[in-house]
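Enquirer: My structure is below; once you've seen it, I'll send some questions.
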Ligand SMILES: [Fe+2]
């Protein structure tokens, strides 16, 4: 059987058939109540981070920057996140369910111009017409859902955004990337990299390799199977190749990591309980170990090594590197499996909740001995770790991430920090008690090859003044605070991930 036939057989057979039951199970709607959320919001203004977006489109809105933007800082920060949570008296109970809104923050001439646009997926358009949610969701049971043909009929395109070969894609973990117009953010179409791979999962966390190509995976557990579909996309946004690595047991994975030579995937074990949507019926299985897969980039059609390691629920990885016979992978390590199954669930209901219980950890995989273990790095209350991809492959990178420092009025991040684990260095900027702080993206200084020479750009929510904003910091002087900040005359809910497209010099 040739490879293409094999893929089609595997992916159009039992796994695709299993998608329907996994997502379409009926039953009573167990959603949140918009009125209950609104009452909570009056008491806890920070819940604006989980509030239904006020409009289908924002901007273009140009605001002056406070402070001074470096002359060579130019380009657009694209971000994505769930924004549409309520219809017809029904509110999603899981943060990941909201339909995606993509934002573009374009910097130039001492100002920033913001646009926000709902991604016009078939799901969003169908529900706009119907006036109610009628499509299976990832984490909430929907009553009387329409039948869906494939994952893209339920795709919310709500998790991240990436630019490949000058083309902009809104990403979701369970289906295709949706291509958008990079200037106007108008939705073009879902991307089919090869006809036999239409509508298959293309995760929200692709990784760019040093040669400019992109690696990504699709989790087969989202289709009722086990294992992953490995994608390799060229710098020109054409498919180089795709491979299926099937596993017998279900494992959840949301992102992965790479060293110069290897790709590292960590499958977190879970069981399916009866009924409900994917996340409702999923129970992490902390009594079982995780499976780590190592794939050699020069032989992507096979798994080079397989490890077992103590259970951990992971969404996001930082850098990875090789040290002697070991692969070292940094990650935001969640011990609280219920928080990991449904992050900030209390906020979705308008209730008070707990902050992120994740801590920074290293996964150490010894290729010589086969030993795998976790090592905690003593950095609690963090998520969304990012780094400068120019860092050499034989040493750990400095990691940049939101943090909670001192008093915070929200169970969320109020600061940004740099952690250099090797040098035992930490620098912090605390935005303030009432500011909600999102992922900060590293932007390299044009013309420089020195790792960590550049800036951080991150978005903010100020619920006390009902406004969203953005800040630019010197990555080497985080403690000095932002070089430039801009605030919009409106607010929108928190997002997940962003990508900075630098303007051509
Ligand atoms: Fe993510």
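From the backbone N, Cα and C atoms, a Cβ is placed for every residue, glycine too.
Since the structure is predicted, the reported quantities are computational estimates derived from the model, not experimental observations.
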Enquirer: Return the residue out of 497, 499 that TrEMBL annotates for the same Fe cation site as 205, 254, 316.
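Expert: Given 205, 254, 316 bind Fe cation in TrEMBL, the matching entry from 497, 499 is 497.
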Enquirer: Going along the chain, which residues six or more apart from residue 254 (Fe cation binding site) have their CB under 8 A from its CB?
Expert: 173, 203, 204, 205, 219, 314, 315, 316
Enquirer: Within the chain of residue 497 (Fe cation binding site), which residues six or more apart in sequence place their C-beta under 8 angstroms from its C-beta?
Expert: 79, 80, 81, 159, 160, 161, 204, 205, 384, 439
Enquirer: Show, in sequence order, which residues other than 205, 254, 316, 497 on the same chain lie with their Cβ within 8 Å of the centre of the Cβ atoms of the Fe cation site.
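Expert: Sorted by sequence, the hits are 159, 160, 203, 204, 255, 315, 317, 496.
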